[in-house]
Amino acid sequence: MPPLYSSTLQPDTRDSLELASLASSSPGADTSDTDSRPSISSSRRLSLEQDDPLDSANPAAAGASARPSYHSRSFSVSSTFDFASNLFPLSSTTGAAGYAPLGASTAAAHPHGGLGGGSLEKHKTLTYLNGLSLIVGLIIGSGIFSSPSQVNANAGSPGASLIIWLVAGILAWTGAASYAELGGAIPLNGGPQVYLSKIFGELAGFLFTWVAVLVLKPGSAAIISIIMGEYLVRAVIGAEAETINPWVNKAVALVGLFLVTFLNCVSTRLGTRLNDMLMFLKFVALLGVAIIGIVVAATGFSYSGTANLDWKTHDWFEGTKMDASAWAVALYAGLWAFDGWDNTNYVVGEFRNPSRDLPRVIHTAMPLVIVSYILANMAYFLVLPLATINSSNTVAVMFGAKVFGPTGALIFALIVSASCLGALNSATFTSSRLVYAAGKEGYIPSIFGRIGTGTGPNPSPSSLSSSTRTRSWLSKKLASAVGDEDTGLFFTPIPALALNASLTAAYAVVGEFGTLLTFYGVAGYTFYFVTVLGLIVLRVREPTLERPYKTWITTPIIFCCVSLFLLSRAVFAQPLQTMTVIAFVIAGVPVYYWRARGRRTGPKREGLSGGGGGGGRRKGPGWKFWQRWTAAGSRS
């Protein structure tokens with residue numbers, strides 16, 4: 001064994017060591033290059049992939065004496081080993097006295113899993129552009145093209161509505177910036193599921209998973225798919241689409257859902273390429289809308305009838321409502337239109353350089369979307385009367401018809417359906433990673449935390465390399481064209497994708513979207529609030545934690561205040577629906593303890609010898625890594 005891997009480090013300090021190492025770059029790492037792929041040779045990577053994550057030879061067990069101490073409570077590693085290129089789940093690398101996943105032991109139940117088997121986090125394929133397309137892809141869905149009426153009608157005037165759009169965008173930006181700090185400090189797939197588990201305990205993380213996997217993610221994806229189907233049918237059939245059987249729209253929605261699910265099953269590369277392409281289409285469409293609006297305003301052109309002159313004859317703040325409740329509704333609608341800013345946090349473990357790229361993605365995407373939304377709304381006001389905008393749920397189609405006639409309506413209907421397809425693809429990609437992380441943690445059956453078909457052990461890169469050599473010429477060409485660089489085809493969380501698609505299809509068939517929207521608003525912002533509150537808690541309890549990106553403390557405070565305001569409005573406006581949400585969340589508590597029984601009955605962890613064994617059973621409430629870091633610092 002190389003001397004670097006000989007260790008006397010206590011088992012209960014492994015999480016702190018791993019997390020601190022993942023959250024920061026090694027001193028010799030160069031983060032200024034365009035390509036952020038970790039610098040580790042292929043031969044060394046292959047040798048590390050054969051290691052058992054629970055074996056004493058694992059680099060996570062290396063002694064504290066072999067590493068320089070950067071602060072009193074956590075450790076980093078020298079440039080001789082880069083943890084960033086071998087990101088393995090905490091559930092596979094923790095000690096007997098520390099954090100362990102729900103259910104049976106990973107080591108005993110899956111001898112081919114962990115570091116020695118397949119793991120999405122070990123094969124970092126996502127770049128800055130991929131992250132940008134993911135977050136933009138989900139934020140810009142159908143709302144800005146179809147129905148900005150909720151904001152405009154409740155604000156009362158064009159000028160006031162533009163202010164609401166700006167304020168809503170900035171408030172959403174505060175939440176995104178808070179998530180960027182959490183993603184840099186805890187660079188693991190799963191987003192809030194991981195953050196809540198590590199800060200408030202596993203129950204909090206499980207309850208988020210319970211709500212998000214079963215309702216929030218598939219429900220919102222079902223809404224997007226139905227809207228996509230409606231606009232595509234409208235583009236093909238025309239005005240007669242108003243009277244067509246709703247099942248036609250749902251059939252088209254299901255085809256789109258299964259298409260993006262299949263593409264994401266083929267490879268990460270294929271799914272992200274589709275996202276990248278549709279992101280550019282959305283920006284081009286919004287820029288085109290803005291330019292057309294300016295040209296129409298300047299020339300007075302109109303395909304049919306007279307050009308709209310409301311923007312010239314009426315003051316832009318005329319009719320502004322002074323009712324605070326109306327502004328609250330408008331702000332709520334605006335924040336809903338910006339929802340999706342947390343998207344990249346679900347896949348941060350697959351970024352080549354998360355500490356650098358995640359903040360860049362957030363602080364590029366949010367201002368771009370804010371400016372695009374404001375420009376698009378200004379164009380609508382220049383071309384269409386305010387009364388038409390406030391009463392229509394097909395604003396972009398009416399915009400196209402007003403300027404270009406039936407051809408324009410057809411083009412914009414296709415643009416909206418393509419935009420929804422991009423949002424559906426982004427939602428499918430990120431939701432599958434949430435399900436995958438939940439399976440790895442044991443929150444749901446472990447098959448959903450596996451790569452490939454899930455019928456056997458996760459494939460390791462060495463087995464993938466050998467299978468590649470025996471493939472046919474056509475298979476090799478397909479793998480090189482659409483496969484991932486190191487893993488080829490179908491190295492994706494296929495069971496997780498299948499589960500997400502099944503739940504989404506069920507919601508699309510049922511179609512009770514009014515209740516679902518209320519549920520999403522209440523439950524979604526409850527977990528947004530708790531997660532960002534966790535950032536503040538982490539600042540207080542663990543001030544010396546390595547944070548590659550650190551936002552102003554006022555940022556999470558502002559977002560928490562806004563979230564409480566929105567939640568309080570929902571409680572008073574729709575108490576029955578709010579109680580339904582609370583009841584559903586509470587129903588997850590007995591399920592959590594039912595899943596936790598596997599700790600008492602499952603096999604004990606091996607390979608992590610140390611006093612006080614106890615298998616995978618956790619001692620003490622929650623995953624209080626700040627306390628364990630303190631103990632580690634005192635021992636050193």
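Every residue gets a Cβ built from N, Cα and C, even glycine.
Annotation source TrEMBL lists compositional bias 'Polar residues' at 1-11.
Residues or ranges marked as compositional bias 'Low complexity' in TrEMBL: 55-67.
The annotation region 'Disordered' is assigned in TrEMBL to 1-67 (among others).
Sequence annotations record features per position, and here TrEMBL assigns region 'Disordered' to 602-623 (among others).
If one looks beyond the transmembrane segment (128-147) by at least 6 residues along the same chain, the residues whose Cβ comes under 8 Å of a Cβ in the stretch are 36, 176, 224, 227-228, 231, 272, 275-276, 278-279, 282-283, 285-286, 336-341, 343-344, 347, 351, 357-358, 360-362, 364-365, 368-369, 372-373, 376-377, 392-396, 412, 415-416, 419-420, 422-423, 425-427, 429-430. Under the heading transmembrane segment, TrEMBL lists 128-147 (among others).
Feature annotation from TrEMBL assigns transmembrane segment to 159-182 (among others).
The transmembrane segment annotation in TrEMBL covers 203-227 (among others).
Same-chain neighbours of the transmembrane segment (247-266): 221-222, 225-226, 228-230, 232-233, 274, 420-421, 424-425, 428-429, 432, 482-483, 489-490, 492, 494, 497-498, 500-501, 504-505, 508-509, 511, counting only residues six or more beyond its ends whose CB sits under 8 Å from a CB of the stretch. What TrEMBL records for 247-266 (among others) is transmembrane segment.
The transmembrane segment annotation in TrEMBL covers 278-304 (among others).
The list of residues near the transmembrane segment (324-341) in space but at least 6 beyond its ends in sequence, with Cβ under 8 angstroms from a Cβ of it, reads 135, 138-139, 141, 143-144, 148, 150-156, 161, 164-165, 167-169, 171-173, 175-176, 179, 362, 365-366, 369, 373, 423, 426, 521, 524, 562, 565-566, 569. The transmembrane segment annotation in TrEMBL covers 324-341 (among others).
The transmembrane segment annotation in TrEMBL covers 361-383 (among others).
Here the transmembrane segment (403-424) has Cβ contacts under 8 Å with residues 137-138, 140-142, 145-146, 221, 224-225, 227-229, 231-232, 234-235, 238, 256-257, 260, 274-275, 278-279, 281-282, 285, 292, 296, 301-304, 340, 383, 396-397 of the same chain, all six or more residues outside its ends. TrEMBL lists 403-424 (among others) with the feature transmembrane segment.
Residues of the same chain lying 6 or more positions beyond the ends of the transmembrane segment (489-510) and with a Cβ under 8 Å from any Cβ of it are 118, 120, 123, 213-214, 217-219, 221-222, 225-226, 250, 253-254, 257-258, 261, 264-268, 428, 431-433, 435-436, 439, 447-454, 459, 464, 475, 478-479, 482-483, 516. As annotated by TrEMBL, transmembrane segment applies to 489-510 (among others).
Positions annotated as transmembrane segment by TrEMBL: 516-540 (among others).
Among the features that TrEMBL reports, transmembrane segment is placed at 552-572 (among others).
What TrEMBL records for 578-595 (among others) is transmembrane segment.
With a cut-off of 8 Å between Cβ atoms, the residues of this chain six or more beyond the transmembrane segment (516-540) that come close are 175, 178-179, 181-182, 185, 192, 195-196, 199-200, 204, 208, 211-212, 215-216, 219-220, 222-223, 332, 336, 339, 342, 507, 553, 556-557, 559-560, 563-564, 566-567, 570, 574, 577-578, 580-581, 584-585, 626. Relative to the transmembrane segment (203-227), the listed stretch 578-595 leads the set 159-182, 278-304, 552-572, 578-595 in CB pairs under 8 A. It is 159-182 that, among the stretches 159-182, 552-572, 578-595, forms the most Cβ pairs under 8 Å with the transmembrane segment (361-383).
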